[in-house]
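K.L.:
Below you'll find the structure I mean.
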Amino acid sequence: MIVRVSQTGPVDAAFPAPPSKSYTHRALIAGALALGRTRIARPLRAADTELTARGLEALGVPLEWLPGEIAVAGCSGTFPAAGEVTIDCGNSGTTLRLLTSAALLSQHPVVLTGSPRMLERPVGPLAGALRALGGDVAFTGQPGYPPIRISGRLRGGRATIDGSISSQFVSSILMAAPYAEEDVELTLPATPASRSYLDVTADVMLRFGAHIERQGYDRFRVESGRAYRGRDYRVEGDYSSASYLFAVAAVCGGRVAVTGLNPTSVQGDRRFLDALEAMGCSVAAGTDAVTVERTGDLKGIEIDMSSSPDTVQTLAAVAATAGSPTTITGTAHLQYKESDRVGVTADTLRRMGAGVEVTEDSLTITPAPLHGVAVDPHDDHRTAMAFAVLGLAVGGMAIRDPECVEKSFPGFWEALYGEGLL
């Protein structure tokens, strides 16, 4: 299937924000481990979060998707699976990484595997830290990469972990740490990639009753025995998914309002709004909606997006329509995502006519007259959505395999159709 995107003029549109993918994953795991029942209201039901839900069900957790919510019967810190379990995490790095540490809370071995691309995504630093905390971790294929077999128990103690490839290594251990036999203390020798997601992890843990102490992003300590407690929990809107909607106003001109976002959220992808404002858009955050409006020309900027990785491609698409070059830094770890996002973005923008320079940790886009092209998203939802938005400004864009957006924003195409943009 192919979605064809034509050029459109200035917009005046309003969209509801999809529920947060990151919060939904973490709330599912906290609810599954908790004492008692948890009701998760307004969860994101997408390919990624369904993989986490199915993984928890494989571990023996009763879970039911209901209209507008998920009901989870917590296992009080011990997964009741009757024997060894193999969990297929598909192309969800979040599912595989977060469940790797939680698997130590099963009474039986757990094997985590996934798609061919997943088997190319490293988990060595996470495995090393889990071994230091008492886990038995074995790679059944290439050392340092899935499939990964988890057994033993989470004793706790101290470990050093490198989160420079992914902060999910750190989040994985933190989420399971309340159920370790003793307190868990993690030291991070390098600045973690996507560090704002550690704020999301800590937020969910605290709301479910865990006790966590931290020194910035350098050291974390989780108290053993302060278990999660089942609760009613509402998932906030997703700034990552909202970035595509805001970008429509930036590339086409006009105004877009997105409802359902927390204006004080710890989500790092809120920084995308700062980038749009610096480029010349006006941003207004109210209690009911966040509104982006563009009435004049955009200008290029220099910005560090290391804590907002999921909006880098969206920002690159916007930058291609500006009046001067944009340099985005903090991009090194994007090669380990669902695709090599920097490489795919650079190649596609060059084919469209833009000038692009790539270094180990940066992406510079020099605007030039653009034309539409066929886009192969490489099964990466964020690539498909970013270039669909750019297509609204350029026209002649053909997005292959559009169903890949099901991973995080299942209603993306319908949202654009609903506002007459496709």
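Keep in mind that glycine also has a Cβ here, set from the backbone N, Cα and C atoms.
Look at Swiss-Prot and you will find Asp310 tagged as active site, proton acceptor. According to Swiss-Prot, the feature 3-phosphoshikimate binding site maps to Lys21, Ser22, Arg26, Ser166, Ser167, Gln168, Ser194, Asp310, Lys337, an assignment based on sequence analysis. Residues or ranges marked as phosphoenolpyruvate binding site in Swiss-Prot: Lys21, Gly93, Arg121, Gln168, Arg341, Arg382, Lys407.
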K.L.:
Taking Cα atoms as reference points, rank the binding-site residues Gly93, Arg121, Gln168 by distance from Arg26 (3-phosphoshikimate binding site) and give the first.
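P.N.:
Closest by Cα distance to Arg26 (3-phosphoshikimate binding site) among the binding-site residues Gly93, Arg121, Gln168: Gln168.
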K.L.:
Return only the integer: C-alpha distance in Å from Asp310 (active site, proton acceptor) to Arg382 (phosphoenolpyruvate binding site).
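P.N.:
Pair distance, Cα basis, whole Å: 7 Å.
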K.L.:
Just name the most isolated of the binding-site residues Arg26, Arg341, going by other Cβ atoms within 10 Å of its Cβ.
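P.N.:
Checked Arg26, Arg341; of these binding-site residues, fewest Cβ neighbours within 10 Å: Arg341.
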K.L.:
What's the CA-CA gap between Lys21 (3-phosphoshikimate binding site) and Lys407 (phosphoenolpyruvate binding site) in angstrom, rounded?
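P.N.:
That separation, Cα to Cα, works out to 9 Å.
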K.L.:
Determine, to the nearest whole angstrom, how far the Cα atom of Arg382 (phosphoenolpyruvate binding site) is from the Cα atom of Ser194 (3-phosphoshikimate binding site).
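P.N.:
Approximately 16 Å lies between the Cα of Arg382 (phosphoenolpyruvate binding site) and that of Ser194 (3-phosphoshikimate binding site).
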K.L.:
Which of the binding-site residues Gly93, Arg121, Arg341, Lys407 has its Cα closest in space to the Cα of Ser167 (3-phosphoshikimate binding site)?
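P.N.:
Checked the binding-site residues Gly93, Arg121, Arg341, Lys407; minimum Cα distance to Ser167 (3-phosphoshikimate binding site) goes to Gly93.
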K.L.:
Considering all pairs of residues in Lys21, Gly93, Arg121, Gln168, Arg341, Arg382, Lys407, annotated in the record as contacting phosphoenolpyruvate, what is the maximal C-alpha distance expressed in whole angstrom?
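P.N.:
So the binding residues stretch over 20 Å, Cα to Cα.
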K.L.:
Tell me, by DSSP, whether Ser167 (3-phosphoshikimate binding site) is helix, strand or coil?
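P.N.:
In three-state terms, Ser167 (3-phosphoshikimate binding site) counts as coil.
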K.L.:
Out of Lys21, Arg121, Arg382, Lys407, which has the highest number of nearby Cβ atoms, where nearby means within 10 Å of its Cβ, if these are the binding-site residues?
P.N.:
Arg382
